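The annotation ATP binding site is assigned in Swiss-Prot to 22, 61, 128, 129, 130, 131, 132, 133.
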């Protein structure tokens, strides 16, 4: 005899959360719907609205936290779902309060001190300690007290502002959507073209410097940005050259505060190597953070690129596929083969080959590669330090007809003819008519 319940209703779970506790759940296959039935609660710093239904797709990992108490319902199949009574949220709230004090101090001394500005905070730590989540919480808390912080993501492998292989910044004017995250309508994005800083450290350091300078100009031109401060996410590579990249980023962004998540050695090394005026804090990671396998990381990157072109079920996008003639575009890449010292042009440094912009000819090797659309009008060194306007994927190359087929967020023609090759690939498996 049938129960008469839908498959979703068969999987209904209700949780009563005590003060300072959180419900942690991971979505299995299919969707899970979250509803706040009673009380007050938040997801990564964004408040939930009572009786609004939030639908999370497969693979989502979510923490629903309450400062007082709450009753929440989950409908759908979860991989896991449990209530944790020990969380680091009070630590993150205290961090937010300290940052807000620094913002208020900057406002109060602006009449006497022209250089007063809100805090620049950098969050560091190895992979899988929850750096991106802490950034999201602190940005959301800042917005909830009327601030407009700038969020910077220097993680080229698992970034949350744009597609993999980029660094970028986002002006945060409203709290993140509970399911979709921050509004990414107008990010400032630079092309790196690889998934690890180690593939081209001179280029990575140069882009960090460029991004820091662009943000400094933005802060000088806007009072809200000046006082709102900067919150910086970083890569999980914390040893050797990766550590040097972190120190360089701290210097370029002139950070005031560094939070080290769950890594005592890194905390001690930064205490030794950063200026004494930088406040360095060691904080625990959340117990809800789990180590991600290589396969999960690859899947996460592919999902991010897929979302860029296709959106989500709640907010779908409809990309375009069309052909381009070879002569309609100019391809280039950053970095070339190292020449022997005796063959270098006069004045060129040995490292310069890593940051040289070189034109390339279309070939079948381009298939499945992401390509950045530069705002430049010619292939020259300005491509290196100019932000990009968007991305396409090369889905086919016909050498006989001299035609490319591309997946693009907008219809023909492309807004730029200067295309920068990325080593990041994406296989578009959607069939469109």
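From the backbone N, Cα and C atoms, a Cβ is placed for every residue, glycine too.
Structure with Swiss-Prot features highlighted.
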residue : record           : contacts (Cβ under 8 Å, 6+ apart)
22      : ATP binding site : 63, 64, 65, 66, 83, 84, 87, 89, 288
61      : ATP binding site : 24, 25, 26, 27, 288, 290
128     : ATP binding site : 236, 289, 290, 291, 292
129     : ATP binding site : 236, 261, 262, 263, 285, 289
130     : ATP binding site : 261, 285, 286, 288, 289
131     : ATP binding site : 123, 124, 125, 155, 233, 234, 236, 261
132     : ATP binding site : 153, 155, 158, 160, 233
133     : ATP binding site : 44, 286, 289
Whole-number Å value of the largest CA-CA distance among 22, 61, 128, 129, 130, 131, 132, 133, listed as ATP-binding: 19
Collapsed DSSP category at residue 132 (ATP binding site): helix
